[in-house]
Amino acid sequence: MVVDVESRTASVTGEKMAARGCDACMKRSRASWYCPADDAFLCQSCDASIHSANHLAKRHERVRLQSSSPTETADKTTSVWYEGFRRKARTPRSKSCAFEKLLQIESNDPLVPELGGDEDDGFFSFSSVEETEESLNCCVPVFDPFSDMLIDDINGFCLVPDEVNNTTTNGELGEVEKAIMDDEGFMGFVPLDMDLEDLTMDVESLLEEEQLCLGFKEPNDVGVIKEENKVGFEINCKDLKRVKDEDEEEEEAKCENGGSKDSDREASNDKDRKTSLFLRLDYGAVISAWDNHGSPWKTGIKPECMLGGNTCLPHVVGGYEKLMSSDGSVTRQQGRDGGGSDGEREARVLRYKEKRRTRLFSKKIRYEVRKLNAEQRPRIKGRFVKRTSLLT
């Protein structure tokens, strides 16, 4: 047996065999190992899985084929779908060829001169390619028309030299204003030393001119602007007290002049009220007029009317009364409060109980009649179905 294994190994190593496939996976994978004990050509993956199964398989002596290099791993049999794709870089590449070409193309174009720069420079100058790349990729360009080197005085205007005098004695424009108006690039800029009060006065003068143009204000109107330190309004208590005192004095003067007239009017009003309170009827004349028709009162006695208290007449509120008039008999019904004697109330209660009793009795009779009719002709679906009839 040992001789047979050695002979197989010698035959395999001695012959220059062509590339052979794996006997285990039966694929086009190139065999890397030959096992004389199993007499099989195996690839790298199949050799590892077969000879690591148990201790006996691990003892097998295997021969590496010459066709495979010692550092060769398992070859790819099929191409994967993501083969050829590369992961995109997280950060932009520096010194790209496309960017250098773009810089070469743009270098021929004229550039805008830097504001506040030296005249010798003339144009913008790029310090280095790396610096411009960083500014283009990561930063937003900021336009800064002013330079720290040119600002000599904080209170002065930016591009005006110190020799120029800003003040003028007459109303003509100074040198600073002329320089500002002549320079097209700085049209509309305000000198930094201009006070806020001067600016507000200029705005107010412009507003007055607009009001004159629009017709809101006449040219002859001359007004004085009062400067207020605080915004809002204040109530002067002294002025209010003075106004109140004036009103009180006017009222006192009116009372002194027309006091007699007001007192006469009040006295006449009091007399009218007293006469209206002490108004009385001639009950004798009323009774004589109603003598043929009977007494208008239920009890036949004149009640005592108290005008200061409740004016409701309890003698007329409840019950039924027949009052005779010239047209005929008039029936006065009972009041809202349902008042009356105890006998009338008991009679009403008895009538209600009797009505309720008869209603329940009629309902019970109707129920019994329906039940009898249902028993005479039984139905499959219904309440009154006799069980005996269904069983028979």
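Note that Cβ sites are derived from N, Cα and C of the backbone, with glycine treated the same way.
What Swiss-Prot says about this one:
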BINDING   C22, C25, C46, H51  Zn(2+) binding site
COILED    226-254  coiled coil
COMPBIAS  259-271  compositional bias 'Basic and acidic residues'
DOMAIN    345-387  domain 'CCT'
REGION    246-271  region 'Disordered'
REGION    326-346  region 'Disordered'
ZN_FING   22-65  zinc finger
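Other residues of the same chain near the Zn(2+) site, with their Cβ within 8 Å of the Cβ centroid of C22, C25, C46, H51, are D23, A24, A40, L42, C43, Q44, S45, D47, A48, S49, I50.
Mean pLDDT for the zinc finger (22-65) in the predicted structure: 85. Counting only same-chain residues six or more apart in sequence, the Cβ atoms lying under 8 angstroms from the Cβ of H51 (Zn(2+) binding site) belong to C35, A57, K58, H60, R62. C46 (Zn(2+) binding site) has a Cβ environment of 22 other Cβ atoms inside 10 Å. Ranked by how many other Cβ atoms sit within 10 Å of their Cβ, the binding-site residues C22, C25 place C25 at the bottom. With DSSP states grouped into helix (H, G, I), strand (E, B) and coil, the zinc finger (22-65) comes out at 11 helix, 9 strand, 24 coil.
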